[in-house]
Structures are given as C-alpha cells and as structure tokens.
Amino acid sequence: MNKVVLLCRPGFEKECAAEITDKAGRRERFGFARVKENAGYVIYECYQAEDAEKIISELPFSSLIFARQWFVVGELLQHLPPEDRITPIVGMLQGVVEKGGDLRVEVADTNESKELMKFCRKFTVPLRAALRDAGVLTNYETPKRPVVHVFFIAPGCCYTGYSYATNNSPYYMGIPRLKFPSDAPSRSTLKLEEALHVFIPQDEWDERLANGMYAVDLGACPGGWTYQLVKRNMWVYSVDNGPMAQSLMDTGQVTWLREDGFRYRPNRNNISWMVCDMVEKPAKVAALMAQWLVNGWCRETIFNLKLPMKKRYEEVSQNLAYIQAQLDEHGVNAQIQARQLYHDREEVTVHVRRLWAAVGGRRDER
C-alpha cells in the first residue's frame with residue numbers, strides 16, 4: 001500500500017495536494033499527488049511503498065489544514081461484480097489489517113456521490129459481518145484499533161485501506177454532523193460549533209468552555225458566534241457597528257459595543273476567549289490576532305482567515321508563520337491549529353491557545 005487518500009472540500013484539491021506534498025516532503029516521505037478538479041479527494045502516491053503508512057502514523061493529522069480525513073490504500077479495485085462485491089474487498093484487506101476496530105464505507109463529498117452514499121450505507125452492514133468473519137474487524141467496535149476504510153469513487157470501483165484511530169478524524173467522511181439551532185441568529189454559528197468540536201477535546205470542555213467565563217466576539221453582528229458562547233453560559237462582549245439579534249440581548253449575558261473590531265481594546269484582563277469572523281484580508285486579521293495574543297488580552301482564540309483566489313495554501317502558511325513568529329519574538333508559548341472546516345467556504349478556521357503569557361507577572365493555566 002503506497003498511497004494516501006485525503007478527503008477535502010471540492011474545489012480545494014490543489015491546496016490539499018500542495019499541503020501533503022510539502023509536509024510529507026519535509027519528513028522525506030516523497031511522492032506525487034494525483035489531483036482531479038472538484039473530485040473532493042486527493043491521492044498522494046509515495047515513491048517508497050512503506051512511506052504511505054509512515055505518513056499516516058508519523059505526521060499529526062491535526063497539523064493538516066485542508067484534509068478532512070486520510071487513510072492509506074493500495075491499488076484501485078475495479079469492476080466489482082454486482083452479485084458479489086464483498087469477496088474481492090475482503091481479499092484486499094486480509095493480511096493488511098488485523099482486528100480493525102471500526103469500518104467506514106465512504107465517498108467524496110460531491111453532488112455526484114449522493115446516490116453512491118445511499119448504497120454505501122446499505123452495503124456497510126453485510127460487509128462488516130464478512131470482515132468480522134475474516135478477522136479483519138473485531139467482533140465489536142474497538143475505539144483504539146485501526147479504522148478500516150472502503151472508499152468508493154464510482155459504482156463497483158473502490159479503494160480499500162486503513163487509518164489509525166489516534167491520528168485521524170473521528171467523523172464519517174471527516175464531517176461532524178451538526179444540527180442548525182432554530183434560535184441561532186445566522187448559520188455561521190455552525191462554524192464556531194464545529195471548530196470547538198475539532199480543536200478542543202471533549203473531556204476538556206468543562207474546563208476550557210466553563211460557565212461564567214468572559215469572552216469577546218469581534219465583528220459579531222448579528223450574533224452567530226456570540227450565540228455559541230452564550231449557549232455555554234459565558235459573558236460576552238460583542239463588538240460590531242451592526243446590530244445584534246434581540247434574542248441574544250434578552251439573555252442579559254451580552255454587552256453590545258458599537259465599535260470597529262480592529263480598533264477595540266479590552267478593558268478587563270480576565271478574558272478567556274476571543275472569537276473573530278470578520279471579512280477582511282487574511283494578513284490584516286492575522287496581525288490583529290497576533291496583537292491580542294502577544295498582549296495577553298485573551299487565553300484562547302478561534303478566528304477565520306478569508307482565502308484569496310490563488311495560492312491559498314501559501315497565503316495561509318504565511319499568515320500562520322507570521323503569528324508564530326510574533327509569539328516567538330515575545331516569548332509566548334502557544335499551540336496553533338488550522339483547519340478548513342466543513343461549514344467553512346473560502347476560508348480557514350484557526351485556533352490558538354496560549355500556554356503562558358508574555359505579560360510580566362501573569363501566567364495562564366497549564
């Protein structure tokens with residue numbers, strides 16, 4: 001198995017390919033990316049067969065921006081007989097995966113694949129039973145064991161392989177299934193909700209998204225992101241010249257500040273979260289975020305970087321490198337993650353967590 005399949009947002013295959021080529025190459029896992037426009041996936045083919053497995057085990061999945069999911073695969077299985085698709089798939093996986101903990105029969109996230117997805121859901125049950133009988137899967141779901149992937153690119157045509165449960169996306173097709181809250185002011189609320197699921201481990205929510213925390217939402221109107229903070233019982237300063245949804249103001253948890261988000265400066269020093277979804281050039285947003293982090297105005301931040309039409313991976317990389325350089329220069333230790341979320345469009349969502357402060361005499365938790 002010398003290939004890595006990476007699922008991505010349709011239209012961002014080139015960015016996904018540029019990223020895996022760059023990051024695999026830095027680890028001397030060389031290869032080339034096969035890209036088909038708007039396919040919703042990329043195949044990175046390694047020159048050395050063993051390098052594909054090393055990529056998905058050594059390169060942190062959390063370090064990837066444009067990939068929703070990844071798994072190592074072998075050759076394409078074609079012309080599967082309609083009367084028995086299961087036997088060839090089981091044959092491809094025997095000797096490759098032993099006692100896998102879960103099975104995902106998936107497709108790319110495209111309109112063309114919607115009918116195929118219906119088949120995949122029906123096909124999963126008999127295939128799972130056959131893989132258990134063959135010893136490829138355990139007799140029950142085992143969270144820590146490898147995940148078996150069967151990826152259909154057309155009817156009767158699929159890749160088979162696996163990923164590691166400790167270094168992949170926990171979601172089917174890499175997409176969290178979130179429901180839009182009927183009382184939220186805008187659909188943008190799903191971006192922040194997804195970001196919280198992706199960036200913050202569930203067992204740390206009670207500590208890091210605690211009741212009574214103070215938060216700032218820059219460019220808040222009409223309040224889609226503020227809604228998520230209010231839902232977690234935080235006190236929120238919503239900064240925007242535009243009006244906030246009355247339903248949020250009625251909670252008593254929101255202070256609306258009619259100011260420009262780029263000019264606003266907080267007047268308290270116990271702000272846990274700052275979030276920002278302003279439509280502005282990514283370099284300008286990155287500079288503002290770096291200023292907040294360096295000055296210790298917040299402990300954690302989630303913000304969006306709007307992407308240009310060309311060289312999008314390069315632009316995001318430069319913005320993240322600028323933030324990292326500013327933090328390093330001022331002695332701020334921090335964790336940075338970025339991901340193009342399912343609910344993002346021409347943008348990338350970034351999470352930064354300060355581990356200790358640059359401000360003298362002040363130290364953050366942990």
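Backbone N, Cα and C define each Cβ position, glycine as well.
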### Further S-adenosyl-L-methionine ligand in TrEMBL, beside Ser188, Cys221, Pro222, Gly223, Gly224, Asp240, Asp260, within candidate set Asp133, Asp203, Asp206, Asp277
Asp277
### Query
How far apart, in Å, are the two Cα atoms that lie farthest from each other among Ser188, Cys221, Pro222, Gly223, Gly224, Asp240, Asp260, Asp277, the residues recorded as binding S-adenosyl-L-methionine?
20
### Query
Out of Pro222, Gly223, Gly224, which of the binding-site residues has the smallest number of neighbouring Cβ atoms within 10 Å?
Pro222
## Note on the structure
Same-chain residues at least 6 positions away from Lys306 (active site, proton acceptor) with a Cβ under 8 Å from its Cβ, in sequence order, are Val279, Glu280, Lys281, Pro282, Val285, Glu346, Glu347
## Note on the structure
Taken over the domain 'Ribosomal RNA large subunit methyltransferase M THUMP-like' (84-164), the predicted model's pLDDT averages 96
